[in-house]
Amino acid sequence: MADQLNMNGLNLNGGEPRSYIPPHMRGKMGGPAPAGPPANLNGSAWAPQGNGYANGPRPAGGDSWANAPDFTPRGNGAPRGGNNWNPSGPPSFNKNAYGNPAAGAGGPGSAGGAGGAGGGAGQARGGGDGQWRDGKHIAGPANARLERELFGIADDPTKQQTGINFEKYDDIPVEASGQDVPEPVLKFTNPPLDDHLIKNIELAHYKVPTPVQKYSIPIVMGGRDLMACAQTGSGKTGGFLFPILSQAFQTGPSPIPANAAGSFGRTRKAYPTSLILAPTRELVSQIFDESRKFAYRSWVRPCVVYGGADIGSQLRQMERGCDLLVATPGRLVDLIERGRISLQNIKYLVLDEADRMLDMGFEPQIRRIVEGEDMPGVQNRQTLMFSATFPRDIQMLARDFLKDYVFLSVGRVGSTSENITQKVEYVEDIDKRSVLLDILHTHGAGLTLIFVETKRMADSLSDFLINQNFPATSIHGDRTQRERERALEMFRNGRCPILVATAVAARGLDIPNVTHVVNYDLPTDIDDYVHRIGRTGRAGNTGISTAFFNRGNRGVVRDLIELLKEANQEIPAFLENIAREGAGFGGGRGGRSGGRGRGGGANRDFRKFGGGGGGGFNGGGGFGGPPASGGYGGGGGFGGPPAPASYGPPPGQYGGGGYGGGGGAYGNPSAGGGQSWW
């Protein structure tokens with residue numbers, strides 16, 4: 001039996017029984033130093049060949065590991081004289097060897113000391129990353145496999161390519177307001193962009209900047225705060241990533257506080273220099289993928305954290321380095337409370353889809369992150385807000401986060417792209433499934449995204465389509481993060497070309513080559529409709545949108561007609577008839593006409609137009625002074641008197657233009673999002 005158990009020369013019969021000595025007791029329990037290697041331990045994992053106990057056999061009655069020297073981990077910086085347990089080397093821990101095998105002892109590329117987890121001054125990281133050395137950015141080696149993963153190949157169907165209408169972006173009107181607005185850039189050139197970033201932009205097959213990028217790059221590179229509104233699919237992500245990464249490549253990492261180094265030379269906390277907040281797990285994952293693409297071969301290490309995923313793997317990712325952090329507000333607050341993230345080095349704060357984050361109730365977390373933790377104040381950081389809509393209530397909130405900012409409005413903000421052909425069909429609820437099958441048979445090619453209002457309907461409709469031999473899948477808030485990521489991946493690569501989704505996928509997701517969006521259930525807010533159909537017609541490509549409309553959706557009929565007119569789309573006669581029937585009886589949230597509406601200045605810089613919210617259609621958000629009638633007007637603040645054409649309630653009472661104003665129905669102003677009782 002003993003012979004059978006003699007593994008790798010580990011003889012179980014020889015020597016005295018060993019006892020475990022805790023690390024803090026080793027070397028303190030007496031006994032002579034060992035004099036030679038034991039005969040029976042050679043070849044085991046704990047004792048390299050010929051050097052089992054470093055300097056000799058364990059004496060009878062000795063202390064086992066008690067006399068071993070201080071541990072020095074393996075690595076090029078470890079002494080080579082006697083392998084890992086040899087006391088001939090220095091007795092203290094060699095920080096350069098741990099976690100950075102490529103670095104020599106004390107070399108400039110070491111990740112030890114304060115430079116470990118937060119972007120130290122001389123960092124070389126695995127996976128072909130670059131490093132910052134002697135005040136210069138040194139790019140890492142090329143990695144063909146990683147390049148294919150990040151950038152794809154020419155005409156790769158899983159990567160978004162610019163479409164036939166991309167050049168038309170030059171015709172989109174741009175309004176930039178603020179003091180000393182810098183001139184736009186027309187090409188990706190140096191200056192202002194770093195050469196390394198330009199190479200990565202070329203790898204991504206981007207030829208010319210979009211309108212939002214033309215203006216945002218010089219604004220951010222000039223050190224200004226920015227509030228940018230641009231229609232969805234217009235390159236907002238590149239609008240903030242390009243200048244942030246370019247300046248990081250030029251200026252290098254920030255020093256980590258001297259007391260930040262923990263045991264074994266690691267910092268337990270991450271000290272990112274850039275923080276990007278977004279509302280959904282899918283959107284932060286998408287921004288993270290883009291940041292990996294443009295930080296390729298650089299010293300910048302992007303990280304992503306979001307709820308619903310394993311926090312342990314996210315912590316391990318941050319320990320390997322975290323310079324640019326993409327996060328959802330909830331998970332970020334959790335990690336701050338755990339003491340794993342410090343915001344004191346933040347140079348750039350980005351709020352993407354800011355209006356949706358506030359709509360989803362993230363305002364307390366955002367205010368805590370920005371104002372209640374150790375983030376530098378508004379004067380000591382750059383803050384950028386990006387979204388497809390920026391109603392006045394969001395602009396008023398932005399005053400707390402931004403300083404002397406430039407307001408950038410690109411195109412008809414909050415509107416839809418003319419690249420999208422919009423069709424509205426009158427379909428009763430009972431007929432929706434059969435009409436959907438007709439559409440799928442007619443427009444079968446390409447990826448089709450179907451939006452429904454409820455999680456149950458998403459699963460039900462997906463199962464129905466599968467039973468009709470259409471390969472479909474679904475995503476909604478009740479599916480686990482792994483299920484959602486798997487469904488999105490199958491949709492992206494075309495294995496399931498039909499995706500049924502709730503609003504969780506409506507905002508910000510950039511799914512390449514979606515050719516058709518179907519609004520099976522129309523939303524009650526026209527802004528949600530804008531973002532849903534914005535999943536197609538991206539980057540200059542064309543797309544089709546079909547909406548199923550019936551009298552249950554009459555709350556958005558006027559906003560829908562206005563939207564179709566703006567985009568030069570055909571307006572069905574039944575829409576105009578229903579709009580005339582309901583004139584003056586506005587329902588729903590009011591959409592554009594309520595607190596978030598066009599009358600609320602959703603795409604205007606409120607600094608230029610005062611706080612006035614009483615003008616326009618049904619008033620607007622913000623504080624526009626007391627209304628002339630003495631009552632509450634407007635959908636979102638102290639607006640003006642009700643519009644004269646809209647059967648407003650008597651002066652001095654709650655109202656906002658129309659019996660459905662204010663929140664949903666006359667006599668029930670708090671019923672936000674509901675249908676009019678009329």
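From the backbone N, Cα and C atoms, a Cβ is placed for every residue, glycine too.
Positions annotated as ATP binding site by Swiss-Prot: Ala230, Gln231, Thr232, Gly233, Ser234, Gly235, Lys236, Thr237. Within 10 Å of the C-beta of Lys236 (ATP binding site) we count 27 further C-beta atoms, all protein chains included.
Annotation comment: Swiss-Prot describes 1-15 (among others) as compositional bias 'Low complexity'.
The compositional bias 'Low complexity' annotation in Swiss-Prot covers 73-87 (among others).
Residues or ranges marked as domain 'Helicase C-terminal' in Swiss-Prot: 419-579.
Annotated motif 'Q motif' per Swiss-Prot: 186-214, in sequence order. Per DSSP, the secondary structure of the motif 'Q motif' (186-214) breaks down as 13 helix, 0 strand, 16 coil.
Summarising the annotation, Swiss-Prot assigns motif 'DEAD box' to 352-355. Within its own chain, the motif 'DEAD box' (352-355) has Cβ neighbours under 8 Å at 236-237, 240, 276-279, 283, 287, 385-391, 394, 398, 507-508, 527, 596, counting only residues six or more beyond its boundaries.
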For the motif 'DEAD box' (352-355), residues assigned helix / strand / coil by DSSP: 2 helix, 1 strand, 1 coil
Residue numbers, six or more beyond the limits of the motif 'Q motif' (186-214), whose CB comes under 8 Å of its CB atoms: 130, 137, 139, 147, 150-151, 154, 159, 161-162, 169-170, 172, 174, 221, 228, 230, 234-236, 238-239, 242-243, 245-247, 249-250, 293-298, 408, 410-411
C-beta crowding around Ala230 (ATP binding site), within 10 angstroms: 26
Neighbour count (Cβ, 10 Å) for Thr237 (ATP binding site): 24
